[in-house]
């Protein structure tokens, strides 16, 4: 079988080593004679999976003991609603930093529950898309929390700093979680859809500080109430067990590779390889300022956009899949999450070089 590299923004690549292990034990997991998909979420076998996966995630992220880890349904869009319903308390506003498509989507959802202070933090620097430094963000005094999306997957824009504030910081880390070390103690809530760096779609991770529990609005659906989910240990209803199990296998894989510092070095090398090639080319362009380029999602444009379809068709034939940019911005996009090996990025660069030579 021809080697295929999947550059999809999500659902994204899952580590080949993990997929192989899952395949081998799919129909007879742990000698039970059944699949892990078929066992009760309350069985001792699955409870052991749940306990170990949380333990491994806590170790990877160095999560302090005063934070709870939840394994939920609903994706990041579910959290767009859950966050204000859980954290507003008696307040009627929260600060929402608008850095792109996903932040804007969170703001639109928040308007159902409060009057968000939406702050446009985008700017232009040296003719490129950029983000204002966090010290220049306009925060309000009466906000219940500060929400932002550190990595906008569509535009390929990443925010690298945090604001100085005494309000809880809430971050949508769907596309960057586990890609490098972070200081969890600087956040009030972290949430992430699983389908980029954690595992298959259907699972959502929420990390919430203990003092933020108990503020939920009375009308909040129980399935979104952080306090209920903490009390029930993420098993208020049947959780996405297969996605949870597979996430646990990804956590083990990350630990075997050396943890998040090792993953950071791996991801830095991939991004450097791709961006250096684009910057050295007169045929391709990236329109994001170097200070805010995403390490996970690298959009690029051909100087001859009429060749886009040809590029995508030939790339696909070469085993380089899902490189089409988001419909909002067009062009191309290479999502190079944790599971993408540097060999995949090298294969992409080699193809891009050959395509340029033939079509410049």
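Numbering starts at 1 and runs along the chain as it is shown here.
Positions of Cβ are set from backbone N, Cα and C atoms, glycine also.
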Which of 122, 153, 227 does Swiss-Prot put in the same pyridoxal 5'-phosphate site as 76, 77, 102, 172, 195, 237, 238?
-> 153
Other C-beta atoms within 10 angstroms of the C-beta of residue 42 (L-glutamate binding site) total 10
Of all the recorded positions here, 77, 196, which one's CB has the most other CB atoms within 10 A?
-> 196
Number of other Cβ atoms within 10 Å of the Cβ of residue 102 (pyridoxal 5'-phosphate binding site) across all protein chains | 22
The correct three-state DSSP answer for residue 77 (pyridoxal 5'-phosphate binding site) is helix
So which of the binding-site residues is most packed in, judged by how many other Cβ atoms lie within 10 Å of its Cβ, out of 153, 237?
-> 153
In the structure shown, with every protein chain counted, which of the binding-site residues 195, 238 has the densest set of Cβ atoms within 10 angstroms of its Cβ?
-> 195
